[in-house]
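S.K.: According to Swiss-Prot, the record shows the following:
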BINDING   R42  L-glutamate binding site
BINDING   G76, R77, W102, T156, D175, Q198, N240, T241  pyridoxal 5'-phosphate binding site
MOD_RES   K199  N6-(pyridoxal phosphate)lysine
Amino acid sequence: MSAIYNFCAGPAMLPAAVMKKAQQELLDWNGLGVSVMEVSHRGKEFIALTKQAEADLRELMHIPQNYHVLFMHGGGRGQFSAVVNNFLGNQGRALYLVSGQWSSAALAEAQKLAGDAQIDSLNIVEKQNGLNAVVLPDLHKIDADYRYVHYCPNETVDGIEIFDELDSPWPIVADLSSTIMSREIDVSRYGLIYAGAQKNIGPSGLSIVIVRDDMLKLPSLTQSSIMDYRLAVEHDSMFNTPPTFAWYLAAEVFAWLKSLGGVASIAKINQQKAQMLYACIDANPFYKNGVVAANRSQMNVTFQLADESLDGAFLKEAEAASLVALKGHRIVGGMRASLYNAMPLEGVAALVSFMNEFAAKHS
């Protein structure tokens, strides 16, 4: 069977080596004679797995000791709610920077749940010569007392990425669902980081939360216990039964990434992949991208065909060439190629070759 390259934005492809290992030990994990899906989450074998997973993630991201690492339910949308409930209190105030669909969704959830708390927002994307560009505000010039400022460094729908680390006088809360471990960041700059697993970590259903000690002292709203960061810390992410199989696969992905040389190594590969695909788009008037070069996402490359009537043919022929899940999000249309850590260079090279051939055939 020839390789199929899956460009889905999430759930995304997992590393082949991880999938093969999971297949091999699916029915007999750690010599126990049962699947990892069947063992107790409080058994010594699974506890050892969780401790190794946290240690590996801390090593990969250089997470300081004054941060807690949580493995939680609910994905990114669950964290939209959890952030508000854990940090705002009844009289708090927060700022949301809006750069695309996902930061807009986080803002909408905050406004829904805030009650007497105040939610402010700033749109940080503007048009420059017809292209979307991020313009970060000088937050130090804003006269306000915010509990936190929230932003999303990578917008999967819009194909926008913010590479400059935010400079803020208030704690930064960041949705890294689609960019976590794709490039190096300074974790110590953040009050809280959260990420749904289904792009660069593992299967859907799991979310990672990295929270600084002092954030847990902020007043909280009345909230559900299952999304209470303080309870999650107290119970080592096991206040209730966690998504154990997703946790297991995340642990295997961390080990795989370490074997490649860590985040610094995969970041170089990710940069190569994105440059290869954007070069193809820029070199051919048959394709167009709507984002300024400085904010083009490395993880989610969005593009349109000059002749939209060929969209269906493009997707059909791409699938026949074993290049799947290239349809853009329903909100923006066009095409989207997601190049998460598990996507090999060979997959992007195959896509570029196909795009050149398709353009030549239909020009």
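Cβ atoms here come from the backbone N, Cα and C positions, even for glycine.
Would you situate these features in the structure and describe their surroundings?
M.R.: Secondary structure at R42 (L-glutamate binding site), as computed by DSSP, is coil.
Its Cβ placed at the centre, T156 (pyridoxal 5'-phosphate binding site) has 24 other Cβ atoms within 10 Å.
There are 30 other Cβ atoms within 10 Å of the Cβ belonging to K199 (N6-(pyridoxal phosphate)lysine).
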S.K.: Quick check on the binding-site residues Q198, N240, T241: which one has the highest count of other Cβ atoms within 10 Å of its Cβ?
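M.R.: Per the Cβ count, the most surrounded site is Q198.
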S.K.: So if I measure Cβ to Cβ from G76 (pyridoxal 5'-phosphate binding site) and keep only same-chain residues at least 6 apart in sequence, which ones fall under 8 Å?
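M.R.: Result: W102, D175, S177, Y194, A195, G196, S207.
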S.K.: Return one of helix, strand or coil for T241 (pyridoxal 5'-phosphate binding site), based on DSSP.
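M.R.: Going by the DSSP assignment, T241 (pyridoxal 5'-phosphate binding site) belongs to neither helix nor strand, so it counts as coil.
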S.K.: Whole-number Å only: compute the distance from the Cα of K199 (N6-(pyridoxal phosphate)lysine) to the Cα of T156 (pyridoxal 5'-phosphate binding site).
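M.R.: Rounded to a whole number, the Cα-Cα distance is 10 Å.
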